[in-house]
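K.L.:
Take this structure, written in C-alpha cells, and hold onto it; I'll ask about it next.
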Amino acid sequence: EFEEARKWVANDLVFDKNVDVNLFESTIRILGGLLSTYHLSGDSLFLEKAKDIGNRLMPAFKTPSKIPYSDVNIGRGTAHPPRWTSDSTVAEVTSIQLEFRELSRLTGDEKFQKAVDEVMKHVHTLSGKNDGLVPMFINTNSGQFTHLGVYTLGARADSYYEYLLKQWIQGGKKENELLEDYMRAIEGVKKHLLQRSEPKKLTFVGELAHGHFSAKMDHLVCFLPGTLALGAHNGLAADHMKLAETLLETCYQMYAQVETGLSPEIVHFNLHAQKGHKDVEIKPADRHNLLRPETVESLFYMYRFTGDKKYQDWGWEILQNFNRYTRVPTGGYTSINNVQNPSNPEPRDKMESFFLGETLKYMFLLFSDDIDLINLDKYVFNTEAHPLPIWVPA
C-alpha cells in the first residue's frame, strides 16, 4: 500500500494548479504529511514534494503586517484574505510553525522558519490578551487582534495553545517566550474558563464573551487534556497532569452521556442541578458528529504517560460506537447528523480526511503497548497527527 501511495505522489501529486487553498489546512495536512512521510520512510521524494508545496505557500506571508493571509493560490503565487474580511484566524496563523520550521531545518533555507517565527514573536507582544488567552481574529493589515473580548479554547483559537507547547518541545526546550506564553495561557484557562457542572461536578472549559461566562464547550477543546499531559511529561507543573485527568473524564462523559455514545460537535453544561437532567445538554444545531479525533488523541497521551488501562477501555468503547453508528456497509465511515438518535443517526455521506489521518491513527497508537511506536521523547505530533522529529531528543 505504501508503494502504491508513493507512486501516486511521484506521478499524480501536482501542485502547479490555478487553485486557492487554505494556508493552515494545507500546511498541517499536505506539508506536515509529506515531511512526516519523509522522516518515517527516508525517501527524498517526499522532501522534494514538501519543498515544492512549502514554496508555493510562501506568498501568503506577503502582507503589510507579515501576518499571513488565509488563502493562497498555489499555481499563481498570489494570496488574499477571505472574501468577507481582511482578518485571519489566530489559530490558523499560529499553527503552521512546526511544519515550516522543520522544512527550514531539512532544506537549510531559513526563509520558511523566519516567516513563521515572526508571526509568533509578533503575537507574543500584542495587547488584547486576557491572562494569556487570545482573541480569535487578527488583522493582516494592522497586525492587531480584532473582535476583542471573546476567549475560547474551541474553534479559531484551539491550536494556538497546542503549538506554543509543541514548538518549545520541537526546538529542544530552549525558546522561553513560547513556554512563557503557554504557561500564562493555562493559568488564564484556570482563572477564567474552568467551571464544574451538575450533577456529576465535571470540570469543563467554557468560553468568555465580554466578561460573561458561557458553559459551552466545543468537542475540539478535548485536545487540551493531551496537551496538558504532554507538558507535564516534559517537566511542567504537576498540577497540569491533574487537570488533564479531570478534563479527560469530562470529554469521555461527552460521549458516555449521549444516546449513541458519540459526542456532538458542541455541548452545553448544566451549572445548576435539575431533576432528570444530565451534566450535558445538546442543542439541535450542535448534535452532529464529524468523526473528530480530539478525545481519542488525549486518551492516547494519557495512556502513554499513565499506563492506566481505563483510557484504552474508553477508546475501545468509542471505537465500537463509531462502528455501530457511523460505519458504512460498502466501506468507510461517515459523519452523522444526530448523535441522539440511535435508530437513525442520519448519515451524511461524508468522511473527513482527519478521520483516517488522526482519529484512527490515535486509536491504533492507543491500543498499542509499544512506546517506541512513535516515541514521544523523539517525536512531536503536528495538529493533524503527523509526527515530526524533536530536534534535540530528550
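Backbone N, Cα and C atoms are what each Cβ position is placed from, and that goes for glycine too.
Any TrEMBL annotation is an automated prediction that lacks curation.
Got these off TrEMBL a minute ago, pasting:
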type: ACT_SITE; residues: Glu25; note: active site, proton donor
type: ACT_SITE; residues: Asp158; note: active site
type: ACT_SITE; residues: Glu265; note: active site, proton donor
type: ACT_SITE; residues: Glu294; note: active site
type: BINDING; residues: Thr383; note: Ca(2+) binding site
type: DISULFID; residues: Cys222-Cys251; note: disulfide bond
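Buried or exposed, and what's around them? Tell me for each listed feature.
P.N.:
Sequence-distant contacts (6 or more apart, same chain, Cβ under 8 Å) of Glu25 (active site, proton donor) do not exist in this structure.
Annotation for Asp158 (active site): spatial neighbours Ala91, Thr152, Asp218, Leu220, Val221, Phe223, criterion Cβ-Cβ under 8 Å with sequence separation of six or more.
Taking Cβ-Cβ distances under 8 Å and a sequence separation of 6 or more, the neighbours of Glu265 (active site, proton donor) in its chain are Asp218, His219, Asp286, Arg287, His288, Asn289, Leu290, Arg292.
Same-chain residues at least 6 positions away in sequence with a Cβ under 8 Å from that of Glu294 (active site) are, in sequence order, His219, Leu220, Val221, Cys222, Phe223, Gly226, Cys251.
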K.L.:
Around Thr383 (Ca(2+) binding site), which residues of its chain at least 6 apart sit with Cβ under 8 Å of its Cβ?
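P.N.:
Thr383 (Ca(2+) binding site) has long-range Cβ partners Ile28, Ser95, Ser159, Glu162, Tyr163, Phe223.
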